[in-house]
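What TrEMBL lists as Fe cation binding site is His118, His122, Asp329. Summarising the annotation, TrEMBL assigns substrate binding site to Leu147, Val148, Ser149, Gly150, Gly151, Asp180, Gly193, Asn299. As annotated by TrEMBL, domain 'Gcp-like' applies to 31-335.
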Amino acid sequence: MKILAIETSCDETAIAILEIKKTGSKTGFRILSNIVSSQMKLHAKWGGVVPSLAKREHIKNLPIVLKKALKEADLLKPNVNLIAVTNGPGLEPALWTGINFAKELAEKWGKPLIGVNHLEGHLFSVFLKENREFQISNFQFPIIALLVSGGHTQLVLVKDLLKYKILGETRDDAAGEAFDKVARMLNLGYPGGPAIAKTAFQYKVFARPEVLRRQKIELPRPMINSKDYDFSFSGLKTAVLYKVKELEKSDASSFRLHVPEICAEFQQAVIDVLISKTLRAAKEYKTKTIILAGGVAANKELRSQMKKTVQKSINASCFMLPASKYTGDNAAMIALAAYFRYKKMPVKKRAIKAQGNLKI
Ligand code: KG4
Ligand code: ZN
């Protein structure tokens, strides 16, 4: 079967077509097309995503992205079997554009339509690798999944296929949001995650040893020792703001010189908290499989430090994460999640609504 998926929950207009083939007991997947049209440059001017602009751009981009997706998949006729669309969580005006477009297509082509949870999409993204063809490997439940994006930071216990329990989530800013806000404070532009990661990398690699030894910026690791699995990144962001003010006051001219050190310490503070809580959850729930997904999972330091810690601390562990090109929002992950949802419960009606706060 072929699934065409549409994703418009934030600032990417994305459409992908996924083919699923069964041979014997094996199921093979192939991404026939995966088009992502980013509005990043437009929103960068405003320092963050503007919902009304996102809506306008999605409406403009959707027909173009659809054309490209069908062409890349070499499907002149829309011979797909199912249409899937993200119905939450996300920005409601943006979600509605995708849903309305999907409903029209489903009507026109006479195909069933299914709504998909964006976070469930990110979870399934761990199966998406560089290669367009892939199979789902065997893994053991329960799984601990850390979902870190611009809108969410959640630790999820995956008890079984499509069965979740949220163990903890952020009480204020999401990790990606904190990256974006701190980058804005430091005038590094939007989106903040890649900018901070790049500056922190330069600091770690190029700073002279005596500079590294003299490191004087220390930031808190909020809630790292709290007994629950919740997170809080707003205090960390404020700590950066105070540090910036303090440095500007004492030595305004050399403040820019401290920016790389602030980035490295801020990034490490976020990583320390994320890894510590994920590992504690993995131990408590005796899981050997850990998933890292969402936009922030593009962070190379987070990827490598988490991998190392998991291998060291949990015996025979399995660490799953998406290829970097699938960490951000895309529709291939929505198509894959749709396949598993549809298998469990084939849809009959088209009453899909945008739900900004939809839970996994
Ligand atoms: O999943 P995503 O594309 O969109 C949402 O669902 O929110 O995540 C976007 C977030 C942004 O906050 C962005 O700054 C962050 O992911 N991000 C990163 C990196 N690349 C993107 N954060 C840290 N390091 C990165 N390399
Ligand atoms: Zn996302």
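Just so you know, glycine gets a Cβ as well, placed from its N, Cα and C.
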Per-residue Cβ crowding (10 Å cut-off), top of binding-site residues Gly150, Gly151, Gly193: Gly193
Binding-site residues (Asp180, Asp329), the one with most neighbouring Cβ atoms at 10 Å: Asp329
Fewest Cβ neighbours within 10 Å, where candidates are the binding-site residues His118, His122: His118
Cβ neighbour count within 10 Å of Ser149 (substrate binding site): 26
Candidate binding-site residues His118, His122, Asp329, pick with smallest Cα gap to Val148 (substrate binding site): His122
Among Leu147, Ser149, Gly150, Asp180, the binding-site residues whose C-beta sits under 6 Å from ligand 1: Ser149, Gly150, Asp180
Coarse DSSP state, helix versus strand versus coil, of Leu147 (substrate binding site): strand
Packing count at Val148 (substrate binding site) (other Cβ atoms within 10 Å of its Cβ): 29
Euclidean distance between Cα atoms of His122 (Fe cation binding site) and Gly193 (substrate binding site), Å: 17
